[in-house]
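Residues or ranges marked as substrate binding site by TrEMBL: A:THR148, A:LYS170, A:THR181, A:GLU261, A:ASN380, A:SER385. The feature active site, nucleophile is assigned by TrEMBL to A:THR181.
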Protein chains: 2
Amino acid sequence: MSVTAAQGFEAAGTAAGLKSTGAKDVAVVVNRGPLKAGAAVFTSNRAKANPILWSQQAVSDGVVEAVVLNSGGANCFTGSFGFQTSHQTAERAAELLGVSAGDVLICSTGLIGTGDEQFRARVLDGTAQGVASLSADGGDDAAAAIMTTDTVPKTAVRQADGWTIGGMAKGAGMLAPGLATMLVVITTDAVLDAAQLDAHLRAATRVSFDRLDSDGCMSTNDQVTLLASGASGVVPDETAFRDALVDLCRELSAKLQDDAEGASHAITIEVRGAASEDDAVEVGRSVARNNLFKAAIFGNDANWGRVLAAIGTTDAEFDPYDVDVSMNGVRVCTKGGPDRPREEVDLTPRATHVLIDLRTGDAEATILTNDLTHDYVHENSAYSS
Amino acid sequence: MSVTAAQGFEAAGTAAGLKSTGAKDVAVVVNRGPLKAGAAVFTSNRAKANPILWSQQAVSDGVVEAVVLNSGGANCFTGSFGFQTSHQTAERAAELLGVSAGDVLICSTGLIGTGDEQFRARVLDGTAQGVASLSADGGDDAAAAIMTTDTVPKTAVRQADGWTIGGMAKGAGMLAPGLATMLVVITTDAVLDAAQLDAHLRAATRVSFDRLDSDGCMSTNDQVTLLASGASGVVPDETAFRDALVDLCRELSAKLQDDAEGASHAITIEVRGAASEDDAVEVGRSVARNNLFKAAIFGNDANWGRVLAAIGTTDAEFDPYDVDVSMNGVRVCTKGGPDRPREEVDLTPRATHVLIDLRTGDAEATILTNDLTHDYVHENSAYSS
């Protein structure tokens, strides 16, 4: 059910010719209210695509009527023409929906540099088609339309005490060329205002999408949007809502990791015993971004020396010679020295668990990543040529 | 001539059985004086191998009589036994040379975790063999003995006004598993004290080895050592000496880059128009560490969008929409938008030049890196298993 699981939302996914395969490539999500509250978080890359520049302005007043998303072109580094394309797309949707263009968010994903006249014409047509085919059952079509190299659509739903949260996601995990982008739209029928949505969304993405670090490359187009219709009439318990949102975001993150392009392992890096959560995140991320470690996991090699070499580059508080490392339940390193033989670790399953105990404090964090494979190199060297 | 090009040095390279191939694997470099001045720079990784821990202490008084280097084992994460191995190696050399163990530096390279009884016995034997076969012509043997996955020994020599600098290097570029390490020994017969050597060495490595960033992975064993014998009797012009040292270090860096394991392109990333040299380095390094960019170059794809996406993650001062990018002489991006078609760029030569003009200031820096290839993944996934 995706983004239409919650009451008050309609969605559609249509094929506008942006994908050469003829698959669906434009999604529209509309909030029918009564509330029209929205919040979004964006890529922190300073090189932001045109739809990001547009949406940052549009969401700033906390009112969001609709989101138009396209695959088949990132509309990034396409200059002022590209910005006008995002603007015109919002205007086209707004006109057809009878709302203000400033309340329509735009998301794009696909090859960087794509955003010519033909692209614009197809996005505008797709937007019109999408608005014409909006439906309270359109969530799955929308989830399909935002797919790029994804092999399956990713959706998740949580329900509690009269309210519902539903979401769709694409991308991330083993980022492909210009297809690197993670796009997420989450909807709820709970009664929450824009400031509440913003706080919940930032808290949830911080411990979910922000900790999915497949290849360390940051997209120009990442956007995660949360919309509230208030259609359930229920004011949720704030803690229960946040917990459900965190849970849903983690489910979507795991689905992105599982479908990571070219990956043969989905690696969960759990860091314990840190002096602070920031330290735990820094340590986990240093391992997630270490090509030598990632190549070793691809080779089913429980190479804990590369874990220690990676975390030794951080500023986190710990003694490299007082760190324990386990892989898939086998303690291969105790206090910075060898423990069980690495051959005892079975790395043939796709799901891989690396546990790092810094033995310094009580904080912890988990980072999700993937291995570095031949297929990753192939996909990312061959795609755009 | 390597480390024996300068007067006052002897060297040797012997086979002690550390390499399964039977190739040379222990090198000894001895300073016959009259000066015994030395300086060294070490990996900034907090997870430092035992030879690093030993050498940091040994060099601290500025007196260095000899350096013993081995390939075939990194002696890292091998606990106190491993530290004792480094200590015993220094003692063995010192005893045979009639000097103090505290004036003998130790360098090791090879697989992390290697450092057992057999390793120790072979290193000690190799050290004795090396001391016994020291020669004023032994520089090339020493350069061969420190090779790991290197396909050729790397040496360089500079001469001027009565003094000589010679050096040998191994490793780096497309780091292999435990073989990641860069080891460099440079000798000179100029009359310079330890403080002068230290200042010159830090200045030279900052603009040479520190700007070779093949795969972003920092070794536990990196060490660059500079020794002065004073045997020429010539006090060099400080500027001339530093320039020659910088030049020599850059030659060795380029040789490491050219021999990078698994690489099909040697990429020179030149950043111009930066507000500061630090900004230029940060920008260049962000590109050098971007897997998507590196995979694109492997695929002969002049994907400038990935360059902008990479530099957009930095804190350097510039406007992403006022940046120019050229590849191999073709301006593919002007002011953050498309210029010449990327198909015009010929990326078939191994030598690849990326020019990034930030159009902000007058500072510049050049970073050397390599592409991300199938062979890189293969070498680093398969090596230790």
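Backbone N, Cα and C atoms are what each Cβ position is placed from, and that goes for glycine too.
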Among the binding-site residues (A:LYS170, A:THR181, A:GLU261, A:ASN380), which are close to chain B, meaning C-beta separation under 8 angstroms?
-> A:ASN380
Does DSSP put A:LYS170 (substrate binding site) in a helix, in a strand, or in coil?
-> strand
State the three-class DSSP label for A:THR148 (substrate binding site), counting H, G and I as helix, E and B as strand, and everything else as coil.
-> coil
Sort out for me which one of A:THR148, A:THR181 has the most neighbouring CB atoms within 10 A, since those are the binding-site residues we care about.
-> A:THR181
Check A:ASN380 (substrate binding site) against DSSP and tell me helix, strand or coil, would you?
-> helix
